[in-house]
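Structure first, commentary second.
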Amino acid sequence: MASFLVLAFSLAFVSQTTANYFYSSPPPPVKHYSPPPVYKSPPPPVKHYSPPPVYKSPPPPVKHYSPPPVYKSPPPPVKYYSPPPVYKSPPPPVYKSPPPPVKHYSPPPVYKSPPPPVKHYSPPPVYKSPPPPVKHYSPPPVYKSPPPPVKHYSPPPVYKSPPPPVKYYSPPPVYKSPPPPVKHYSPPPVYKSPPPPVKYYSPPPVYKSPPPPVKHYSPPPVYKSPPPPVKYYSPPPVYKSPPPPVHYSPPPVVYHSPPPPVHYSPPPVVYHSPPPPVHYSPPPVVYHSPPPPVHYSPPPVVYHSPPPPVHYSPPPVVYHSPPPPKKHYEYKSPPPPVHYSPPTVYHSPPPPVHHYSPPHQPYLYKSPPPPHY
């Protein structure tokens with residue numbers, strides 16, 4: 001009833017809206033039927049049979065016999081006799097008077113005048129102009145282009161299929177060799193020599209173009225399939241039951257009574273009376289009177305008059321007239337350089353030689369023969 005009222009109200013509202021605005025209502029949504037999901041119970045778990053574990057008791061421990069320890073008493077200490085120390089008095093000091101000082105005689109100094117200086121004659125220097133430089137003519141270098149590289153013909157590699165594997169007890173896997181690599185042709189490099197530089201009046205360096213690289217022939221790799229695995233026969237394991245445990249009875253315990261203690265009586269203590277002290281009377285002190293002082297009278301002072309001064313007259317000055325002047329050197333300018341430049345000759349490199357190489361043929365892959373069972 002409620003749904004009918006809702007439907008009637010919606011129809012009236014739609015008719016009013018269509019009458020006023022001429023709008024159409026959207027169609028009702030289409031609900032597709034979907035069947036209810038089917039739930040399946042999981043399968044019951046499969047319980048595998050496992051045999052009960054077998055417990056083995058450990059073997060009994062083996063107790064080894066150890067004899068009782070033997071105790072030994074330590075030996076008595078040994079006391080050594082040490083005699084009493086002997087004290088000696090130090091000897092009396094001996095006093096000596098110091099010897100009188102000795103004064104040495106030193107003669108008066110002698111003064112000497114220095115010798116006059118000696119002046120050596122040195123001639124005037126002579127200047128020479130350097131010679132003009134000599135330049136030699138050197139022809140320009142001739143550059144040659146390197147020869148083109150020579151490429152040798154190499155036949156295409158031949159691949160052989162591997163031999164069929166031999167099967168032992170089980171079909172072995174089939175190994176296929178990889179296809180051969182494809183080598184693309186690359187033209188040989190062309191080396192061009194640089195143009196010669198123009199240098200005036202200097203020997204130009206000689207440039208040599210590097211030789212072309214030599215390409216060595218390397219044969220193509222040969223791929224071999226690995227040999228089939230060899231399965232060796234292994235016999236089934238043999239299980240041996242463990243031997244029955246052997247119970248060794250421990251040996252009877254023998255108790256040895258300890259040896260009776262030995263009481264060593266200490267040796268009797270012998271007391272030695274110390275020797276009577278010896279009193280050494282010190283020797284009588286003998287006082288020696290110091291010797292009487294000796295007064296050395298100094299030698300009489302002798303005054304020597306200094307030697308009369310010697311006046312050396314300087315040598316007479318000798319005036320040498322200067323040498324006559326030399327003729328002035330006239331510097332001659334070098335001749336003007338002759339700039340000779342030969343015409344530059346450029347050699348074009350020779351055309352490259354293209355050797356014939358056969359067209360690339362597709363590799364025909366051969367499948368290995370079927371295995372023999």
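A Cβ is built for glycine as well, from the same backbone N, Cα and C atoms used for every other residue.
Quick look at what Swiss-Prot annotates:
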| type | residues | note |
| --- | --- | --- |
| REGION | 25-233 | region '13 X 9 AA repeats of S-P-P-P-P-V-K-[HY]-Y' |
| REGION | 34-240 | region '13 X 7 AA repeats of S-P-P-P-V-Y-K' |
| REGION | 241-312 | region '5 X 8 AA repeats of S-P-P-P-P-V-H-Y' |
| REGION | 249-320 | region '5 X 8 AA repeats of S-P-P-P-V-V-Y-H' |
| REGION | 329-332 | region 'Isodityrosine cross-linking' |
| REGION | 349-373 | region 'Disordered' |
| REGION | 363-366 | region 'Isodityrosine cross-linking' |
| REPEAT | 57-65 | repeat '1-3' |
| REPEAT | 73-81 | repeat '1-4' |
| REPEAT | 82-88 | repeat '2-4' |
| REPEAT | 106-112 | repeat '2-5' |
| REPEAT | 122-128 | repeat '2-6' |
| REPEAT | 129-137 | repeat '1-7' |
| REPEAT | 177-185 | repeat '1-10' |
| REPEAT | 193-201 | repeat '1-11' |
| REPEAT | 209-217 | repeat '1-12' |
| REPEAT | 225-233 | repeat '1-13' |
| REPEAT | 297-304 | repeat '4-4' |
| REPEAT | 305-312 | repeat '3-5' |
| SIGNAL | 1-19 | signal peptide |
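Mapped onto DSSP helix, strand and coil, the repeat '1-7' (129-137) counts 0 helix, 0 strand, 9 coil. Each residue of the repeat '3-5' (305-312) gets a DSSP state, and the totals for helix, strand and coil are 0 helix, 0 strand, 8 coil. Counting residue by residue with DSSP, the repeat '2-4' (82-88) contains 0 helix, 0 strand, 7 coil. Same-chain residues lying 6+ beyond the ends of the repeat '2-5' (106-112) with a Cβ under 8 Å from its Cβ atoms: 304, 306-307. A mean pLDDT of 69 is what the model gives for the region 'Isodityrosine cross-linking' (329-332).
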